[in-house]
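Annotated in TrEMBL:
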- 86-237: domain 'Glycosyltransferase RgtA/B/C/D-like' (DOMAIN)
- 24-45: transmembrane segment (TRANSMEM)
- 102-123: transmembrane segment (TRANSMEM)
- 129-147: transmembrane segment (TRANSMEM)
- 154-172: transmembrane segment (TRANSMEM)
- 184-214: transmembrane segment (TRANSMEM)
- 226-246: transmembrane segment (TRANSMEM)
- 274-292: transmembrane segment (TRANSMEM)
- 299-318: transmembrane segment (TRANSMEM)
- 324-344: transmembrane segment (TRANSMEM)
- 356-373: transmembrane segment (TRANSMEM)
Amino acid sequence: MATTSEHLGSHAALPSQDGRRASMALPGAAPALAAGLLACLVYGLTIQTRPAHIDEFYHLLAGRSWAADGSFAILDGRYERARLFTAIVGGSFDLFGRSDLWVARIPSLLFSGISVGLVFHWLRQSGGIWSAVAGAALFGLAGYTLDIAHFARFYALHALMILAAAGSLFLATRPAGRFRPGWLAATALCLAIAAHLQPVTAIAALALGCWLLFDQRATIAAMRPLHLIVLGAIALACATIALSQAGPALESYRHAERWATGSQDDAFYYLREFRAQMPAMLLLWPVALAAAWRRNPSLASLCAIMAMLCLTLHSFAGMKAWRYSYYVFPFICMAYGLGIGALVERFGGGGTLRPALLAGAAMLLLMGGDVAYRHSARLMASTLAQGPAALAAPVPDGEWDRAAPELRRIAQGSSLLVTGDDLRTLAHIGPFDLFISHSRLGELKPPTDFNSDFRTGRPLIDSPAALSEVIDCTDNGVVIVSDYQWRNPMGVRPEIAREIERRLTPVPTHSSFHVYSWRHPTVRRACPHVGKQALPGTKGASVVRPLPPRGRCVPSGQSCPPAFFGIAATAGAA
């Protein structure tokens, strides 16, 4: 294996300028392994610094069910999106013997570290050691990557699969490459896994196809007429199939959930995102691409197409969030890595110190000028300032941590628990009976009151009339809503909040929560939607199974690890 000094002193190991070297193989992968392990160490030391997102609850709770009985159950429902990732989280619970958020994040941590190692290895073989160091550092230390590594969600695995698919396709198309059928099969497998995780994989696959046509244009032009006819027939068949599904595909592409309609038609969403978080990299992108092209045209074109075409298509999609397009970020960093490698090659002669200073100055310029890297520096600095015991501390959850014991006590004395925070209530208090949410009801078909959420099996409402119906037919109950969801147009809307205030009795509790209760001496009318809790003499079948005592974890009887109650959440779902 070549040493670092050997790489610095000679360009014999670098690819030819046509960018068609096919030696990105397993031998010499030790430096990439070290880069991946170092990334995992950084992510592990800072894993508890990111407050949890509400989406993490899905894999946390469904992963518990997978570890317990092989199902994806959450209460009476099932969470079946990205089942592979949920199963991996459940396997992590089995492996470590605990089922808290800390352990649920470990798969994302590992997948992110593997991605960093893959970027390092690819760039080292295609652009040299300084390209690898720069590209892997820019990717691995970005705030985007730290947030994904600290996120018990499928985005880290999805980005890894897209990166692996692109790498496999790159190897399969090198003239001197071996095992082409195997690399093509690996490409298909990685894309299939990515598609299972995220529908936006279709955009990545389209971009890879466009790059393939561009990169292999000379080969295609030199084909025999018969081969061109066969290739054209295959392309025509694929186009016909695509057109037959164009209507549903376009509808899905432009669809936005209620909470995301504000950015549905915002074509400059991602441009503003990168301008705010990474202004230096956005400004210098054309320069980086030009330098990368001089270093390795084939890989530079792949990075350019994956970044620009994918982000353009995401900009016109209905659903927008930076994490949806995170899989593009490794290619942006790889282009910068190639560009910095070209800079070092051009101006870094004259010893081993000058290249290091030049590469370090370039990375310092980019990292120092971008908010995303300063965010990472703050996280790492705060971690280093803490004692070792703090590294394994539960993820903090602010007001929920302080209010949970009192909220559990209030809920235990009620027959019916109504909430505006479904999964957080389940985690901190116990099973709930009824969920109020404008946004979540909009995801159901039809979006009507008392329709059951397929994820939890609990009925949803979003109108004062529906709430009044439940209050009128239930002997007693309690409503618990966090301050964030109270009067939130996407949560407990103002008109429902006013109905609660008008009809129910406030319960003194923590200032960050709105708690109200009711108790009726007599039956008023039948309660068809929450039959389990209806008073004697009411009619209608129950849609809610008997619940374990409030204040206990799910499944019933399972002890609650401390970190399980250290879960925070922010708005939105993806």
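Start at 1 and count along the chain as shown; that gives each residue its number.
Every residue gets a Cβ built from N, Cα and C, even glycine.
Remote same-chain residues near the transmembrane segment (299-318) are listed as 19, 122, 126-127, 166, 170, 200, 203-204, 206-208, 210-211, 214-215, 253-256, 260, 264, 267-271, 289, 292-293, 324-325, 327-328, 331-332, 334-335, 338 (criterion: CB distance under 8 Å, separation of at least six residues from the stretch ends).
Sequence-distant contacts of the transmembrane segment (324-344), counting only residues of its own chain at least 6 positions beyond either end whose CB sits under 8 Å from a CB of the stretch, comprise 115, 119, 122-123, 126-128, 130-136, 138-139, 142, 144-145, 148, 155, 158-159, 162-163, 166, 194, 198, 200, 204, 270, 281, 285, 287-292, 294-296, 299-300, 302-304, 306-307, 310-311, 314, 317, 355, 358-359, 362-363, 366, 574.
Beyond the transmembrane segment (154-172), the same-chain residues lying 6 or more positions past its ends with a Cβ under 8 Å from any Cβ of the stretch are 22, 24, 59, 82, 84-85, 88, 107-109, 111-112, 114-115, 118-119, 122, 148, 180, 183-184, 186-187, 190-191, 193-194, 197-198, 201, 204, 208, 212, 298-299, 302, 306, 323, 326-327, 329-331. When each of 184-214, 226-246, 274-292, 356-373 is checked for Cβ pairs under 8 Å to the transmembrane segment (129-147), 356-373 comes out on top.
For the domain 'Glycosyltransferase RgtA/B/C/D-like' (86-237), the model's pLDDT averages out at 93. With a cut-off of 8 Å between Cβ atoms, the residues of this chain six or more beyond the transmembrane segment (356-373) that come close are 130, 133-134, 137-138, 141-144, 276-281, 284, 336, 340, 343-344, 347-348. Long-range contacts of the transmembrane segment (184-214) within the same chain: residues 82-85, 154-155, 157-158, 161-162, 164-166, 168-169, 172-173, 220, 249, 252, 301-302, 305-306, 309-310, 313-314, 317, 324-325, 327, each at least 6 residues beyond the stretch ends and with a Cβ under 8 Å from a Cβ of the stretch.
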